[in-house]
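A short worksheet on the structure shown next.
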Amino acid sequence: MTHLFKNWFAKTLLNVIINMVILMTLAGYLHTMVQISGVGAAFAASLILSFLNLFIRPILILLSLPATVLTLGFFIFVINALMLLLTSTIMGTAFQLDGFGSALIVAIIMAICQLIIQNLIIKPLRRD
């Protein structure tokens with residue numbers, strides 16, 4: 001049981017750090033869409049986003065299953081954007097998004113970045 005917890009904790013912490021780096025990078029490049037007040041705020045936003053993705057996102061995915069099926073899975077990006085907006089609301093001025101359109105663009109870019117990081121960095125490291 002302890003080994004499972006350590007493994008889960010390590011994966012969760014890695015995801016939080018990856019999300020933090022992606023958010024900081026996006027805030028640097030898309031500064032009109034995303035504003036983060038600093039590294040601490042990025043870490044807090046990433047923690048909150050991970051918490052919301054763990055508990056709230058599965059419920060939203062289940063409730064929106066018909067829309068997700070009809071859009072061939074693209075509605076997941078809308079749910080991810082909603083998670084980002086909720087994180088922004090919780091964080092206040094420390095993490096701000098310019099609106100739903102910005103949240104949707106950030107959600108899509110984050111998904112692409114996470115996919116690239118998982119396939120090019122994480123999976124090859126696990127094989128060794």
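Just so you know, the numbers here start at 1 and follow the chain as drawn.
Any Cβ shown, glycine's included, is placed from N, Cα and C.
Just so it is clear, the model here is predicted, and its values are computed rather than measured.
According to TrEMBL, the transmembrane segment annotation covers 12-30, 36-56, 68-94, 100-122.
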Point to revise | For the transmembrane segment (100-122), distant same-chain residues with Cβ under 8 A (at least six beyond the ends) | key: 14, 18-19, 22-23, 25-26, 30, 33-34, 77-78, 80-85, 88
**Study point:** Folded-back contacts onto the transmembrane segment (12-30), same chain, C-beta under 8 angstroms, at least six residues removed
**Key:** 36, 39, 42-43, 45-47, 49-50, 95, 102, 105-106, 109-110, 113-114, 117, 122
Revision key, fill the gap. Other same-chain positions with a Cβ less than 8 Å from the transmembrane segment (36-56) and lying at least 6 residues past its termini are 12, 15-17, 19-20, 23-24, 27, 83-84, 86-88, 90-91, 93-96
